[in-house]
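Asks: Annotation source TrEMBL lists transmembrane segment at B:20-43, B:49-69, B:76-96, B:102-123, B:135-155, B:175-193, B:226-248, B:260-293, B:314-331.
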Amino acid sequence: MTPASAPHVRPAAPLSRHAPATDIALSCHGIERSFGGLRALKGVDLEVRQGQIFGLVGPNGSGKTTMVNVMTGFYPPNAGRVELFGADITRMAPHKVARCGVARTFQNLALFKGMSVLDNVLLGRHVHMRPSALASLFYWVWAEREELAHRRVVEEIIDFMQLQDIRDEPVEAIPMGLQKRVELARALVAQPRFLILDEPMAGMNQEEKEYIARFILDARDERDVTIFIIEHHMDVVTAICDEVVVLCYGEVIARGDPATAIAQPQVVKAYLGERAAARHAGTAS
Amino acid sequence: MFYRRAGILHTRYQDERQLWPFAFDRGLVATVLAILLVAPFAFDRIYLVTYLLPWIIWSSAALGLNLLMGGAGQVHLGYGAVMGIGAYASVHLLRAGIPLELALLAGGLASAAIGSLFGAAALRVKGLYLAMATLAMQYIVDFIISHFSIISGGSQATLQVPPVRFLGVSLASDAAAYYFALLICVGIVLFMLNVRRTSFGRALAAVREKDYAAAVIGVDSFRFKLVAFFVSSFVGGMVGCVMAVSYYRAVSPDQFHLDLSIQLVAMVIVGGLGSVLGSFFGAALILFAPIVLNHAVAFGADTFGVGISADLRAHLPLMLYGAMIVGFLLWEPLGLAKIYNNARNYFMVWPLRHNR
């Protein structure tokens with residue numbers, strides 16, 4: 001896809017407006033992870049500054065999702081260190097990482113079937129609630145007030161994500177584009193400090209992509225959240241990301257400003273192959 | 001037509017989350033509760049003691065199991081043993097002179113403690129393996145109860161429940177025993193209904209549906225599975241106590257064998273996993289279908305003068321019973337509650353066809 005078809009979103013705001021450049025939200029040092037004989041990540045380093053929209057790109061199988069799974073505790077790394085706002089979260093269980101203010105969406109949706117959109121989004125409030133069986137038994141005196149307080153927060157996100165008319169639908173009954181939006185709402189309602197989006201625009205048409213891009217920018221600007229995004233649509237990456245890292249076979253092959261990074265010859269080669277890259281270089285010069 | 005959605009305009013969140021938003025549903029619940037309350041005066045004693053009372057008790061037990069199976073998605077083939085622990089614990093306390101109010105809670109706690117101890121071990125495995133692990137619990141508890149005479153009072157012994165009072169009322173009469181069981185049942189029903197609209201029930205459902213997605217929103221899967229085991233076993237222990245006190249009025253090891261566990265699992269699955277109403281439907285079907293079919297076959301053979309042999313007369317109801325369960329599950333795998341819901345949804349907009 002060419003930059004000409006980029007969604008009509010405003011260019012990323014300058015970083016300095018959000019946070020001083022020294023504020024590191026997440027840093028990974030020398031992350032190694034292998035599955036059997038396959039070294040999926042070969043010493044990856046990256047640093048995400050607070051208030052950034054940080055892109056992680058790379059061809060299929062380059063280790064992007066593995067990287068995210070290491071960050072969120074699903075795959076403990078074989079070596080390396082993950083720090084979130086200065087605290088070490090390496091090898092922490094996923095549910096504890098969530099309590100540190102990390103929310104995430106999945107590449108293939110991970111909504112809870114058989115529940116309504118509203119209940120799915122309410123589940124996003126779990127880290128802020130105190131679920132207990134006794135509270136359920138004495139609902140009227142014990143749980144109702146808490147439920148209602150969290151319902152207000154949820155309704156605010158439902159308005160923000162424009163899900164008002166589907167809040168009572170079962171999640172499996174709504175279209176894919178909306179399901180992705182519900183999952184993003186569930187992640188945002190936890191009021192995370194760090195939000196990880198794994199291909200939020202996969203399988204979407206242009207209009208849906210523009211919607212999601214708008215939600216991501218608004219989330220960063222209005223809700224004070226640092227965003228880490230894996231995405232294949234290069235038009236979106238160049239339009240909304242402040243910084244990118246390009247992975248290929250588990251190694252970082254380029255990093256920095258999105259437009260410059262993805263134009264580098266080794267990145268074009270990783271995506272298109274040797275011959276096509278040579279042709280690309282020929283047309284570019 | 002019956003269920004009037006028109007004109008229901010909620011202006012507060014608590015109105016929207018109430019248990020029965022439709023006036024017709026509220027009327028239905030009130031009617032059923034009123035019938036259950038006047039039952040001891042309206043019906044013959046034999047119907048009260050042999051039909052209504054076991055239905056109430058077995059439904060309560062099915063509700064407890066449903067929290068674990070339907071709510072948290074964990075199979076339990078040893079629920080009869082869980083109830084047995086509660087029954088024996090509370091009956092021993094009653095015989096020692098402890099009041100029923102405390103013995104009931106202590107029975108629940110004993111079941112919950114032992115049940116979640118087994119649960120903690122069994123929860124390291126999933127699915128069919130969990131089923132086998134809980135089956136092992138059933139056999140271990142059965143063995144311990146019948147072989148330790150300090151618990152069972154001897155291998156063939158039956159322990160009588162002494163005369164007891166609950167909140168100052170003697171449970172000697174059938175009506176009082178029935179009201180005691182009904183009170184516990186209503187409590188369990190309200191608990192189960194509230195679980196579904198609170199964060200506790202949602203967390204259990206998250207664990208049931210996708211454990212990795214549950215982890216990513218901060219739900220500790222293992223902890224919630226264990227809590228589900230604990231609470232479900234607590235309910236089971238209390239119902240075991242109710243069963244001993246107001247139905248059998250005694251305890252013996254054979255009351256809590258594997259057949260009770262299987263019966264309860266069947267009630268939950270046939271009734272509808274996760275459905276409160278379904279537990280009542282399931283209990284009714286599993287308990288009463290054999291009796292009704294027996295009478296129907298005998299009546300049919302007599303009226304139409306078909307000379308069927310005594311063997312066939314004994315076995316035909318069982319065959320029909322099995323066919324009925326298979327038939328219901330083929331018709332609607334989500335259980336009797338789903339069949340009821342389909343009918344309800346149909347009448348929601350009748351005479352029109354579509355809901356929206």
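Each residue's number is its place along the chain shown, starting with 1.
Glycine is treated like the rest: Cβ placed from N, Cα and C.
Whatever TrEMBL says is automated annotation, not expert-curated.
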Asks: Where among B:20-43, B:76-96, B:135-155, B:226-248 do we find the most Cβ pairs under 8 Å to the transmembrane segment (B:260-293)?
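Replies: So the stretch in question is B:76-96.
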Asks: Taking the transmembrane segment (B:49-69) as reference, which of B:20-43, B:76-96, B:226-248, B:314-331 has the most Cβ pairs under 8 angstroms?
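Replies: Result: B:226-248.
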Asks: Count the CB pairs under 8 A between the transmembrane segment (B:102-123) and each of B:76-96, B:135-155, B:175-193, B:226-248, B:314-331, then give me the winner.
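Replies: It is B:226-248 that shares the most Cβ pairs under 8 Å with the transmembrane segment (B:102-123).
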Asks: Between the stretches B:76-96, B:135-155, B:226-248, B:314-331, which one has more Cβ pairs under 8 Å with the transmembrane segment (B:175-193) than any other?
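Replies: Looking only at B:76-96, B:135-155, B:226-248, B:314-331, the most contacts with the transmembrane segment (B:175-193) come from B:226-248.
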Asks: Is the count of Cβ pairs under 8 Å between the transmembrane segment (B:135-155) and the transmembrane segment (B:76-96), pairs 6 or more apart in sequence, 3 or more?
Replies: yes
Asks: So what's near the transmembrane segment (B:314-331) in sequence-distant terms, Cβ-Cβ under 8 Å and 6+ beyond its ends?
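Replies: Counting only partners 6 or more residues beyond its ends, the transmembrane segment (B:314-331) has Cβ contacts under 8 Å with 266, 269-270, 285, 289-290, 293-294, 296-297, 308, 339.
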Asks: So which residues does the transmembrane segment (B:76-96) touch in its own chain, when a touch means Cβ under 8 Å and the partner is 6 or more beyond its ends?
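Replies: Hits for the transmembrane segment (B:76-96): 61, 64-65, 68-69, 102-104, 106-108, 110-111, 114-115, 118, 131, 134-138, 140-142, 145, 151-152, 159, 161-162, 164, 229, 232-233, 236-241, 243-245, 251, 253, 255-265.
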